[in-house]
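Novice: Pasting a structure here, questions to come.
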Amino acid sequence: MASSGGEMMLHEESLFRSFPLAELVDLCTWRDMGNTTTVQEFILLGFPGTWHFRVSLVVLFALMYSLTVTGNASIIALVWANRNLHTPMYFFLCNLSFLEIWYITGIVPKAMGVMLGTSQTISFRLCILQLFFLFSLGSTECFLLAVMAYDRYLAICYPLRYNSLMNNVFSAQLALGSWLGGFLAISLLAFLTSRLTFCGPKVINHFLCDIDSCLALSCTDTWPVELATFLVSIIVVVVSCVVTLVSYMYIISTILRIQSAQGRKKAFSTCSAHLTVVTIWYSSIIFLYVKPSAQNSLDLNKLVNIFNTVVTPLLNPFIYTLRNKEVIQALEKAFQKK
């Protein structure tokens, strides 16, 4: 009997060592977590470190959140107040800015509570809701960036026909299609994730509910969810990325055929800001989600997620204002009036 009990303890310890977050949780805590049949809430770890380190991160996140909301809201207000900016390009930019405000709002307030230790738990339903909300907004951003690339393609390659091709009705349809497509694309993935069973440890090594973290904790077969994640990534990320790349291939080809250097510079300046945002966004998205299985390090995913979910929304308004002459001129007029 003693030998049998010892074998069971060794087996239990070996199972614990195979747990992805074993280095962050002791064996006794793991046993307590495993006593329940199903997990109703998760514990978000956030970032390990001293209290002063976490407080510093909270201050940094709060500053970045304030700048992001202020910057993107300013772009929306500037476009709305300036009639010269009432064009499809700035209409799509307003959609992107509106999206970025909600995107970072769905992440930073909760992340700050996690880092301060005041709001580390999240219910299973809220976890799935956050995952669906963030993934849907991320998919919508992919579609919007592709639409903006297509808009620049029409403006540069067909300048004489641009106003008839990209009219107000068509631009509104493209924006609406991006929003609907983004949310519908994630519906199946969110449904499959909600069907997973979590019967063991409930600690998520992240500051938000991420798909890889959920898959690491599930005690049921995660292959359908991993396959759905991969397929959705192909449909949303790769297809929108291909549309963007093809559009820019035609754009660059057209710009190179322009005879004057001034004309080439002017044509490229209209899409350089968008190209910068596209490069930053797709680099992190492809790293995180376009893979057949969840094999990346969770700590590495956490770092890339900071850049993708917090830094990118902050950079967008500055990129579009500093590299866009029309926006700079509108800002100068606004300050002159004041």
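Sequential numbering from 1, following the chain as shown.
Each Cβ is built from the backbone N, Cα and C atoms, and glycine gets one as well.
Just so you know, TrEMBL annotations never went through curation; they're auto-generated.
Below are the features I grabbed from TrEMBL:
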type	residues	note
TRANSMEM	55-81	transmembrane segment
DOMAIN	71-320	domain 'G-protein coupled receptors family 1 profile'
TRANSMEM	88-108	transmembrane segment
TRANSMEM	128-150	transmembrane segment
TRANSMEM	170-192	transmembrane segment
TRANSMEM	227-251	transmembrane segment
TRANSMEM	272-290	transmembrane segment
TRANSMEM	302-322	transmembrane segment
Novice: What else in the chain is close to the transmembrane segment (227-251), if you only count residues 6 or more beyond its ends and a Cβ gap under 8 Å?
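Specialist: For the transmembrane segment (227-251), the list is 139, 142-143, 145-146, 149-150, 152-153, 156-157, 182, 185-186, 188-189, 192, 211, 271, 275, 278, 282, 285-286, 289-294.
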Novice: Give the mean pLDDT for the domain 'G-protein coupled receptors family 1 profile' (71-320) on the 0 to 100 scale.
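Specialist: PLDDT averaged over the stretch: 84.
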Novice: Which stretch from 88-108, 128-150, 272-290, 302-322 shares the most C-beta pairs under 8 Å with the transmembrane segment (55-81)?
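Specialist: Going through each listed stretch, the top one turns out to be 88-108.
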Novice: Which bits of the chain, at least 6 residues beyond where the transmembrane segment (128-150) starts or stops, bring a Cβ under 8 A of a Cβ in it?
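Specialist: Sequence-remote neighbours of the transmembrane segment (128-150) are 89, 92-93, 95-96, 99-100, 102-103, 106-107, 110, 122, 174-175, 177-179, 181-183, 185-187, 189-190, 193-194, 208-211, 214, 232, 236-237, 240-241, 243-244, 247-248, 271, 274, 277-278, 281-282, 285, 309.
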